[in-house]
Amino acid sequence: MRQPLLKLAAVTRRFPAGDKDVVVLNNVNLSIHAGEIVAIVGASGSGKSTLMNILGCLDHPSEGTYTVGGRDTHMLDSDELAQLRREHFGFVFQRYHLLPHVDAVANLEMPAIYAGTPRAERHARARELLARLGLADRAHHRPGQLSGGQQQRVSIARALMNGGQVILADEPTGALDTKSGQDVIRILHELNALGHTIVIVTHDKAVARHAKRIIEISDGEIVADRPNRHYAEALAEAGVDAAEAAEASEAAVGESPTRNRHDTPAPPAAVDTDPHVDTGTRTRRFAAGSGRFAEACRMAWIALVSHRLRTLLTMLGIIIGITSVVSIVAIGEGAKRYMLDEIGSIGTNTINIYPGTDWGDSRADAIQTLVPADVAALTEQPYVDSATPETSRTLLLRYRNVDVNALVSGVGDRFFQARGMRFALGVAFDEDAVRRQVQVAVIDQNTRRKLFGATRNPIGEVILVDNVPCVVIGVTADKKSAFGSVKSLNVWVPYTTASGRLFGQRYLDSITVRVRDGQPSAAAEKSLEKLMTQRHGRKDFFTYNMDSVVKTVEKTGQSLTLLLSLIAVISLVVGGIGVMNIMLVSVTERTREIGIRMAVGARQSDILQQFLVEAVLVCLLGGTIGIALSFGLGALFSMFVAQWKMVFSAGAIVTAFVCSTLTGVIFGFMPARNASRLDPIDALARD
């Protein structure tokens, strides 16, 4: 005796309704063999649709067993049930259940995508099926552009995409006119002639008479199961000749009758998880996974494009968040670099030595131990690039009839280099001028404007510094500082000239030491303190390391950037919540689409992937737009703020993309998980 292809044994299905359960199927026993054409007939509410859902592995029995090819479906997990639906069942629904936003070819390709069929192969198969069913010229029409009969033929073609060993047709003619209904019945007869098992669920006895076997169901129980004595007449009415139909339709479905006429074809085994699979299997799995991912990306893009305004509003929070993060980081980096440049202009990598114990020491003026010999000793140290002395007084300057007070500083020839000062006119004095106490002077722009005006060239002019004539040989360039513009008048002369001819003192007010590049500033500071203490016999001085200022500025800049970035991240989180909200709405709107995908064999992971990809795509697009806006803001910033610029780093941009992706994953996961956990029956029933 032949083993049935589909077998229900003592199947009961009940649904909760308040405090009680409603029994929809009661102790149903049914066997269907391969190659049969069966009609399940019953009135509305009789349980026929629930029976079809159990047969198609969309639902499961509350009690009893259902086997497919001898395999108990109760023992299968959700992915294995999806594999059964994908590879052995094809559904033809009364309401067609086609995706409205894609064309006929794309609707047909959907089961093959989840089966891992290569793109070229599934595309060719879809076009072939449409051609054989008379829809070659409608291949790229969307469902809304097709008649009801044409949509049902597309639905039949989709059921055949992966072979369709068992065709489950739920009221296949219910929404069609008479002519279209007859065409659908004829196609089902032709498929049965090829060996497909056909199960027609209907309330119309005129449709049921086209089956070889009629099963009547009432109040959840099978009340009759009999052969159809009028089947031959119905076949003739449909205009189907079995022999001709088999020959003509074999090419239409592309299946071997021999294969489909097996009495007990074995359903596929569970997916092999053996890590020692061969390379070819891994390649096929990778190709199948890539195809599903590409489909998820394509459908996500279609969903976003079909709701442009909603997508833009959803992305707005992400755009604002990413723009804020990238811009704030760029502003912080630009500000930090500008501040460091400003500090560099007054001498970076330098250590200043002053008399006394600290700032404000009342006895500092009485300490006269800093002398030029200390400068010479420091210059000889391996960690010192240069050392320059400094002594200063406020003296009267006179040029012709103009008298002004200015700060006159006696410095060494390396002073200007150590302080990073540039010259607008002339040059600095050299070592020879220092040694010979030459009466030359370098002035700043403020002094130039006071004595000579803004346009006159002062080089070579003689000015009186406290009645000592000095020749102007250089003018330093103006500096626009973040710490404010300097209004004081400054004159620099060789420290030997200042000590011997102007101040009458042999000691120094301070020494500026420039540390060699690559030498640790803190270690150099300790070494020079040790040296100076040895020379003086006691520590009667203190040091001020400019490196500490640099570190303070860097730390302050980092703290400020972090604070502002945290504020911007709040905006990003708000945007992420908006994405989650819209994705939840999208899942609700597309519940029927989810049900269709599950019916044709999509796994829960496929549904999860599709909606997760959609959320990530929204966030990535928002991130890309946000980064572009940040660059635009950077350009505008440069137009209005000339002193410094926003500095964009590759790290900040990569971080922005990572943040937008993580936002999509984190806030898109819950809606995607909700979508993947939908019951396919409930999903298909929703509008």
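Backbone N, Cα and C atoms are what each Cβ position is placed from, and that goes for glycine too.
Lifted from Swiss-Prot, the feature list:
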type	residues	note
BINDING	Gly42, Ala43, Ser44, Gly45, Ser46, Gly47, Lys48, Ser49	ATP binding site
COMPBIAS	246-256	compositional bias 'Low complexity'
DOMAIN	6-244	domain 'ABC transporter'
REGION	246-281	region 'Disordered'
TRANSMEM	312-332	transmembrane segment
TRANSMEM	560-580	transmembrane segment
TRANSMEM	617-637	transmembrane segment
TRANSMEM	650-670	transmembrane segment
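The highest number of surrounding Cβ atoms within 10 Å, among the binding-site residues Gly45, Gly47, is found at Gly47.
Here the transmembrane segment (560-580) has long-range neighbours at 313-322, 324-325, 328-329, 332-333, 336, 615, 618-619, 622, 659, 663-664, 666-668, 670-671, meaning same-chain residues at least 6 beyond its ends whose C-beta is under 8 angstroms from one of its own. Confidence annotation: the domain 'ABC transporter' (6-244) carries a mean pLDDT of 89 in the model. Taking the binding-site residues Ala43, Ser46, Ser49 in turn, the residue surrounded by the fewest other Cβ atoms inside 10 Å of its Cβ turns out to be Ala43. For the recorded site, Gly45 (ATP binding site), the DSSP three-state label reads coil. Excluding the listed site residues Gly42, Ala43, Ser44, Gly45, Ser46, Gly47, Lys48, Ser49, the same chain places His203, Ile217, Ser218 with Cβ atoms within 8 Å of the centre of the ATP site Cβ atoms.
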